[in-house]
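As recorded in TrEMBL:
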type     : residues : note
TRANSMEM : 6-27     : transmembrane segment
TRANSMEM : 48-65    : transmembrane segment
TRANSMEM : 71-101   : transmembrane segment
TRANSMEM : 108-128  : transmembrane segment
TRANSMEM : 148-168  : transmembrane segment
TRANSMEM : 175-196  : transmembrane segment
TRANSMEM : 216-233  : transmembrane segment
TRANSMEM : 240-264  : transmembrane segment
TRANSMEM : 276-296  : transmembrane segment
Amino acid sequence: MGFSEDNLTGVILALLSSGFIGASFIIKKKGLRRAAAASGVRAGVGGYTYLLEPLWWIGMFIMIVGEAANFVAYAFAPAVLVTPLGALSIIVSAVLAHFILKERLHKLGVLGCVMCIAGSVIIVVHAPRELSITSVQEIWTMATQPAFLLYMGSVVVLVFILVIHFAPRCGHSNVLVFTGICSLMGSLSVMSVKALGTSLKLTFEGKNQLIFPETWLFMLVVVTCVITQMNYLNKALDTFNTAIVSPIYYVMFTTLTILASVIMFKDWDGQSGATIISEICGFVVVLSGTILLQVAKDFERSSSFRANHTPGSPSLSTRLCPGNGELAKYNDEEVSSEEICLRIQESY
């Protein structure tokens, strides 16, 4: 199946989105460092002086541009193509951190970057064509087909069970609870974003879709899902180690999003079995590369801590740095608790 013009536009927008988002992390981090150096109070312990730092706002603006590009990408290309390409922002962030923040990129991290790129190429080459949609009512018909209604109903039931039963009991001890809620709601939010983006695209082309109630309903679903998703993602990041949350969330979110898109938009209809298997293999390669990047970060962090640890010190103590679930031992005389927490935050 040939690579369509819409797919090309979607890929370019997705790549730009990954570049902007990846770069924004580094710029905002430099802004946070500047603000902490100027005020002596870090954001992680309640400081808000970064709001007065222009560099932080530049990073925030670049992130918004990146998210906007990602939003528009869904209007041109299938979710099975756009969503996995989001992993490339991790590569951009890791490479820029190596050169700008002087955070060493381990050989495992380099291998992870290569795997992400290789997997993304496989996905792009074998991606299905974007469906030709002429109105938001066509998307509504897809959203109300029995198969997708069954998927959506299952997601809603699972989310309610996780929120009401499991979150209060084991949400703070099992990382799958909060990330599961985020991923389930995230798959619905991407479907709604794609529907809303397509509606706006048609509107800009002269076919006004804002007159249909379905467009506004999709917008309401987007807001509801994104707020819920971000709320529980913040809970997960605040409770567990980022190196654990990030790969698990990426795996669950991307897998569920691809499944939802295949059900709702019939992305794999008309594709051969070999092409579908190639897409799945590409996703697995990207997934493996993402996990390898996170493993490399964790390895570098552990090596850095061991380098600062002096065995046999009489003033050895154990501290828990809030926000990352990290428990480590340090030498009180050589490394302050503020510096320890800062290093933990900067390692992600």
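Every residue, even glycine, has its Cβ placed from backbone N, Cα and C.
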Could you tell me what the rest of the chain brings near the transmembrane segment (48-65), counting residues at least six beyond its ends with Cβ under 8 Å?
-> 20-21, 23-32, 34-36, 38-39, 41
Lying 6 or more residues past either end of the transmembrane segment (71-101) yet within Cβ distance under 8 Å of it, the residues of that chain are 6-7, 9-11, 13-15, 17-19, 21-23, 25-26, 29-30, 109, 113, 116-117, 119-120, 123-124, 127-131, 190-191, 193-194, 197-198, 200-201, 250, 253-254, 257-258, 260-262, 265, 267-268, 279, 282-283, 286-287, 289-290, 293, 297, 346
Using a Cβ distance cut-off of under 8 Å, indicate which of 148-168, 216-233, 276-296 has the most pairs with the transmembrane segment (108-128).
-> 276-296
Could you tell me what the rest of the chain brings near the transmembrane segment (216-233), counting residues at least six beyond its ends with Cβ under 8 Å?
-> 136, 139, 159, 178-179, 181-182, 185-186, 188-189, 192-193, 195-196, 199, 210, 249
